[in-house]
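S.K.: Straight from Swiss-Prot, here's the annotation block:
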BINDING   12-20, 36-37, 63-65, Asn91, 151-155, 186-188  NAD(+) binding site
BINDING   Ser138, Gln148  substrate binding site
ACT_SITE  Tyr151  active site, proton acceptor
Amino acid sequence: MHVNGKVALVTGAAQGIGRAFAEGLLHKGAKVALVDWNLEAGVKCKAALDEEFEPQKTLFIQCDVADQEQLRDTFTKVVDYFGRLDILVNNAGVNNEKNWEKTLQINLVSVISGTYLGLDYMSKQHGGEGGVIINMSSLAGLMPVAQQPVYCASKHGIIGFTRSAAMARKLMNSGVRMNAICPGFVNTSILQSIEKEENMGPYIEYTGHIKDMMKCYGILDPEMIANGLITLIEDDDLNGAIMKITTSNGIHFQDYDTAPSYAKD
(Lines of atoms letter the chains of each structure in order from A and count residues from 1; the text may use other names and numbers.)
(Lines give C-alpha, C1' and ligand atoms only; values in the text may rest on other atoms or scores of the structure.)
Protein backbone atom coordinates (compact mmCIF):
# COMPACT_ATOMS: atom_id res chain seq x y z
CA MET A 1 0.00 0.00 0.00
CA HIS A 2 1.24 3.46 -0.88
CA VAL A 3 0.88 5.68 2.18
CA ASN A 4 0.50 8.94 0.27
CA GLY A 5 -3.09 10.17 0.35
CA LYS A 6 -4.24 7.51 2.81
CA VAL A 7 -6.01 8.13 6.14
CA ALA A 8 -4.52 6.66 9.31
CA LEU A 9 -5.81 6.41 12.86
CA VAL A 10 -3.12 6.09 15.54
CA THR A 11 -3.95 5.46 19.20
CA GLY A 12 -1.58 6.71 21.87
CA ALA A 13 -0.43 9.26 19.32
CA ALA A 14 0.36 12.25 21.53
CA GLN A 15 3.84 11.19 22.56
CA GLY A 16 6.50 8.49 22.37
CA ILE A 17 6.19 5.80 19.72
CA GLY A 18 2.70 6.96 18.72
CA ARG A 19 3.90 10.45 17.92
CA ALA A 20 6.80 9.03 15.92
CA PHE A 21 4.26 6.93 13.99
CA ALA A 22 2.16 10.01 13.25
CA GLU A 23 5.17 11.99 12.05
CA GLY A 24 6.37 9.11 9.88
CA LEU A 25 2.95 8.75 8.25
CA LEU A 26 2.64 12.49 7.67
CA HIS A 27 6.07 12.63 6.04
CA LYS A 28 4.82 9.91 3.68
CA GLY A 29 1.80 12.01 2.72
CA ALA A 30 -0.91 10.46 4.88
CA LYS A 31 -3.61 12.21 6.87
CA VAL A 32 -3.54 11.20 10.52
CA ALA A 33 -6.09 11.05 13.33
CA LEU A 34 -4.21 11.56 16.59
CA VAL A 35 -6.06 9.62 19.29
CA ASP A 36 -4.97 9.89 22.93
CA TRP A 37 -6.52 10.13 26.40
CA ASN A 38 -4.08 12.89 27.45
CA LEU A 39 -5.76 16.13 26.38
CA GLU A 40 -2.83 18.44 27.14
CA ALA A 41 -0.28 16.25 25.36
CA GLY A 42 -2.64 15.76 22.43
CA VAL A 43 -3.25 19.47 21.93
CA LYS A 44 0.49 20.17 22.10
CA CYS A 45 1.23 17.38 19.65
CA LYS A 46 -1.36 18.65 17.18
CA ALA A 47 -0.01 22.22 17.46
CA ALA A 48 3.57 21.08 16.88
CA LEU A 49 2.61 19.02 13.84
CA ASP A 50 0.61 21.95 12.44
CA GLU A 51 3.83 23.95 12.27
CA GLU A 52 5.37 21.38 9.94
CA PHE A 53 2.35 20.00 8.08
CA GLU A 54 -0.92 21.47 6.84
CA PRO A 55 -3.35 21.68 9.82
CA GLN A 56 -6.08 19.84 7.92
CA LYS A 57 -3.78 16.82 7.62
CA THR A 58 -4.30 15.96 11.30
CA LEU A 59 -7.21 15.63 13.71
CA PHE A 60 -6.82 15.22 17.46
CA ILE A 61 -9.47 13.27 19.35
CA GLN A 62 -9.33 12.72 23.09
CA CYS A 63 -10.32 9.14 23.80
CA ASP A 64 -9.91 6.52 26.50
CA VAL A 65 -9.40 3.42 24.37
CA ALA A 66 -10.54 1.25 27.27
CA ASP A 67 -14.01 2.81 26.92
CA GLN A 68 -15.77 0.93 24.12
CA GLU A 69 -18.29 3.71 23.48
CA GLN A 70 -15.59 6.38 23.27
CA LEU A 71 -13.54 4.22 20.93
CA ARG A 72 -16.52 3.59 18.66
CA ASP A 73 -17.34 7.30 18.56
CA THR A 74 -13.71 8.05 17.70
CA PHE A 75 -13.80 5.87 14.60
CA THR A 76 -17.03 7.55 13.54
CA LYS A 77 -15.50 11.02 13.97
CA VAL A 78 -12.41 10.06 11.96
CA VAL A 79 -14.39 8.74 9.01
CA ASP A 80 -16.80 11.68 9.15
CA TYR A 81 -13.87 14.13 9.07
CA PHE A 82 -11.57 12.47 6.54
CA GLY A 83 -14.16 10.50 4.57
CA ARG A 84 -12.39 7.15 4.85
CA LEU A 85 -10.01 4.96 6.87
CA ASP A 86 -7.12 3.02 5.35
CA ILE A 87 -4.59 2.45 8.13
CA LEU A 88 -5.15 1.63 11.79
CA VAL A 89 -2.33 1.57 14.33
CA ASN A 90 -3.38 0.15 17.71
CA ASN A 91 -0.48 1.61 19.67
CA ALA A 92 -1.86 2.77 23.04
CA GLY A 93 -0.35 0.86 25.94
CA VAL A 94 0.54 1.02 29.63
CA ASN A 95 2.72 -0.81 32.13
CA ASN A 96 0.83 -1.40 35.37
CA GLU A 97 1.34 -4.65 37.27
CA LYS A 98 -0.54 -3.29 40.29
CA ASN A 99 -3.74 -2.44 38.42
CA TRP A 100 -3.44 -5.42 36.13
CA GLU A 101 -7.03 -5.23 34.91
CA LYS A 102 -6.26 -1.78 33.47
CA THR A 103 -3.20 -3.16 31.71
CA LEU A 104 -5.19 -5.93 30.05
CA GLN A 105 -8.03 -3.56 29.14
CA ILE A 106 -5.75 -1.03 27.43
CA ASN A 107 -3.01 -3.27 26.07
CA LEU A 108 -5.10 -6.16 24.78
CA VAL A 109 -8.87 -5.63 24.90
CA SER A 110 -8.67 -2.20 23.22
CA VAL A 111 -6.48 -3.68 20.48
CA ILE A 112 -9.09 -6.34 19.77
CA SER A 113 -11.91 -3.78 19.92
CA GLY A 114 -10.02 -1.37 17.69
CA THR A 115 -9.26 -4.09 15.16
CA TYR A 116 -12.90 -5.07 14.82
CA LEU A 117 -13.98 -1.44 14.57
CA GLY A 118 -11.34 -0.89 11.90
CA LEU A 119 -12.63 -3.90 9.98
CA ASP A 120 -16.14 -2.46 10.09
CA TYR A 121 -14.87 0.46 7.99
CA MET A 122 -12.08 -1.10 5.93
CA SER A 123 -13.21 -4.64 5.16
CA LYS A 124 -14.44 -5.29 1.63
CA GLN A 125 -17.17 -7.40 3.20
CA HIS A 126 -18.60 -4.19 4.66
CA GLY A 127 -18.17 -2.04 1.58
CA GLY A 128 -14.66 -0.84 2.42
CA GLU A 129 -11.64 -0.76 0.15
CA GLY A 130 -9.32 -2.85 2.31
CA GLY A 131 -6.45 -1.53 4.39
CA VAL A 132 -3.78 -2.32 6.94
CA ILE A 133 -3.94 -2.81 10.70
CA ILE A 134 -0.76 -2.70 12.77
CA ASN A 135 -0.85 -3.79 16.41
CA MET A 136 1.89 -2.85 18.88
CA SER A 137 3.31 -5.75 20.83
CA SER A 138 6.79 -6.07 22.32
CA LEU A 139 9.69 -8.48 22.67
CA ALA A 140 7.89 -9.22 25.94
CA GLY A 141 5.26 -10.84 23.74
CA LEU A 142 7.79 -13.40 22.56
CA MET A 143 9.48 -14.35 25.83
CA PRO A 144 8.70 -14.54 29.56
CA VAL A 145 9.42 -11.48 31.72
CA ALA A 146 9.40 -12.38 35.41
CA GLN A 147 9.12 -8.77 36.56
CA GLN A 148 6.13 -7.91 34.33
CA PRO A 149 3.89 -10.98 34.01
CA VAL A 150 0.67 -9.12 33.17
CA TYR A 151 2.33 -6.74 30.70
CA CYS A 152 3.98 -9.80 29.18
CA ALA A 153 0.65 -11.64 28.96
CA SER A 154 -1.01 -8.69 27.23
CA LYS A 155 1.73 -8.53 24.60
CA HIS A 156 1.64 -12.30 24.02
CA GLY A 157 -2.10 -11.94 23.50
CA ILE A 158 -1.61 -9.29 20.82
CA ILE A 159 0.63 -11.61 18.83
CA GLY A 160 -1.79 -14.53 19.05
CA PHE A 161 -4.73 -12.34 18.08
CA THR A 162 -2.92 -10.60 15.22
CA ARG A 163 -1.62 -13.80 13.65
CA SER A 164 -5.00 -15.51 13.93
CA ALA A 165 -6.96 -12.53 12.59
CA ALA A 166 -4.49 -12.15 9.73
CA MET A 167 -4.92 -15.83 8.91
CA ALA A 168 -8.68 -15.31 8.68
CA ARG A 169 -8.17 -12.47 6.19
CA LYS A 170 -7.91 -14.78 3.20
CA LEU A 171 -10.82 -16.93 4.33
CA MET A 172 -13.06 -13.88 4.80
CA ASN A 173 -11.74 -11.89 1.82
CA SER A 174 -11.62 -8.73 3.91
CA GLY A 175 -8.78 -7.12 1.97
CA VAL A 176 -7.25 -5.99 5.26
CA ARG A 177 -3.72 -7.05 6.18
CA MET A 178 -2.69 -7.30 9.83
CA ASN A 179 0.79 -7.30 11.32
CA ALA A 180 2.42 -6.64 14.70
CA ILE A 181 5.57 -4.88 15.88
CA CYS A 182 7.70 -6.21 18.74
CA PRO A 183 10.39 -3.71 19.72
CA GLY A 184 12.82 -4.05 22.58
CA PHE A 185 13.17 -1.25 25.11
CA VAL A 186 12.18 2.10 23.57
CA ASN A 187 12.92 5.56 24.93
CA THR A 188 9.39 6.42 26.10
CA SER A 189 7.57 7.20 29.35
CA ILE A 190 6.87 3.49 29.91
CA LEU A 191 10.52 3.04 30.82
CA GLN A 192 10.07 5.53 33.66
CA SER A 193 7.11 3.55 35.02
CA ILE A 194 9.33 0.67 36.14
CA GLU A 195 10.59 2.84 39.01
CA LYS A 196 7.11 3.64 40.35
CA GLU A 197 5.44 1.48 42.97
CA GLU A 198 1.99 2.50 41.73
CA ASN A 199 2.87 0.83 38.42
CA MET A 200 5.01 -2.12 39.46
CA GLY A 201 3.29 -3.13 42.71
CA PRO A 202 5.13 -6.06 44.34
CA TYR A 203 7.59 -6.20 41.45
CA ILE A 204 9.09 -2.80 42.29
CA GLU A 205 11.93 -4.54 44.16
CA TYR A 206 13.08 -6.06 40.86
CA THR A 207 13.57 -2.74 39.08
CA GLY A 208 17.31 -3.32 39.12
CA HIS A 209 16.88 -6.51 37.12
CA ILE A 210 14.95 -4.64 34.42
CA LYS A 211 17.64 -1.97 34.28
CA ASP A 212 20.22 -4.72 33.79
CA MET A 213 18.14 -5.99 30.86
CA MET A 214 18.11 -2.48 29.39
CA LYS A 215 21.90 -2.38 29.53
CA CYS A 216 22.03 -5.75 27.79
CA TYR A 217 19.47 -5.04 25.05
CA GLY A 218 20.02 -1.29 24.66
CA ILE A 219 17.35 1.37 24.17
CA LEU A 220 15.76 2.17 20.81
CA ASP A 221 14.66 5.54 19.45
CA PRO A 222 10.94 5.80 18.56
CA GLU A 223 11.89 6.89 15.02
CA MET A 224 13.32 3.42 14.35
CA ILE A 225 10.00 1.84 15.31
CA ALA A 226 8.26 4.26 12.92
CA ASN A 227 10.51 3.04 10.10
CA GLY A 228 9.33 -0.48 10.83
CA LEU A 229 5.72 0.65 10.73
CA ILE A 230 6.11 2.11 7.25
CA THR A 231 7.67 -1.15 6.04
CA LEU A 232 4.71 -3.19 7.32
CA ILE A 233 2.25 -0.84 5.66
CA GLU A 234 3.97 -0.55 2.29
CA ASP A 235 4.87 -4.22 1.72
CA ASP A 236 1.70 -5.86 0.42
CA ASP A 237 3.19 -9.33 0.92
CA LEU A 238 3.30 -8.93 4.70
CA ASN A 239 0.27 -10.33 6.49
CA GLY A 240 0.46 -11.95 9.89
CA ALA A 241 4.07 -10.83 10.13
CA ILE A 242 5.64 -10.29 13.54
CA MET A 243 8.36 -7.66 13.20
CA LYS A 244 11.10 -7.54 15.82
CA ILE A 245 13.22 -4.43 16.33
CA THR A 246 16.37 -4.53 18.45
CA THR A 247 19.53 -2.48 18.80
CA SER A 248 21.66 -5.47 17.83
CA ASN A 249 19.76 -6.75 14.78
CA GLY A 250 17.68 -3.76 13.70
CA ILE A 251 14.45 -4.60 11.89
CA HIS A 252 13.88 -8.33 11.37
CA PHE A 253 11.06 -10.85 11.64
CA GLN A 254 10.05 -13.70 13.92
CA ASP A 255 10.22 -16.93 11.96
CA TYR A 256 7.01 -18.95 12.02
CA ASP A 257 6.05 -21.95 9.93
CA THR A 258 2.76 -22.90 11.51
CA ALA A 259 0.16 -21.35 9.20
CA PRO A 260 -1.98 -23.94 7.39
CA SER A 261 -1.82 -23.90 3.62
CA TYR A 262 -5.26 -22.35 3.21
CA ALA A 263 -4.11 -19.23 5.07
CA LYS A 264 -1.05 -18.59 2.93
CA ASP A 265 -1.22 -16.22 -0.03
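Heads up, residue numbers simply count up from 1 along the chain you see.
Placed from the backbone N, Cα and C atoms, the Cβ positions cover glycine too.
How buried are the listed features, and what sits near them?
M.R.: For Asn187 (NAD(+) binding site), other Cβ atoms within 10 Å of its Cβ number 14.
The number of other CB atoms found within 10 A of the CB of Gln148 (substrate binding site), across every protein chain shown, is 23. Under the DSSP three-state reduction, Gln148 (substrate binding site) is assigned to coil, being neither helix nor strand.
Around Tyr151 (NAD(+) binding site), the same-chain residues six or more apart in sequence whose CB sits under 8 Å from its CB are Asn95, Asn96, Glu97, Thr103, Asn107, Ser138, Ala140, Val145, listed in sequence order.
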S.K.: Does Gln15 (NAD(+) binding site) have same-chain partners at least 6 apart in sequence with Cβ under 8 Å from its own Cβ, and which are they?
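M.R.: For Gln15 (NAD(+) binding site), the qualifying residues are Asp36, Asn38, Ala41, Cys45, Thr188, Ser189.
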S.K.: Which whole-number value in Å describes the distance between the Cα atoms of Gln148 (substrate binding site) and Asn187 (NAD(+) binding site)?
M.R.: 18
S.K.: Looking only at Asp36, Asp64, the binding-site residues on record, which one has the least crowded Cβ, with the fewest other Cβ atoms within 10 Å?
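M.R.: Minimum Cβ neighbour count within 10 Å, taken over the binding-site residues Asp36, Asp64, occurs at Asp64.
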S.K.: For Asp36 (NAD(+) binding site), which DSSP three-state class applies?
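M.R.: The residue in question, Asp36 (NAD(+) binding site), is strand (DSSP, three-state).
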S.K.: Looking only at Ser138, Ser154, the binding-site residues on record, which one has the least crowded Cβ, with the fewest other Cβ atoms within 10 Å?
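M.R.: Counting other Cβ atoms within 10 Å of each of the binding-site residues Ser138, Ser154 gives the minimum at Ser154.
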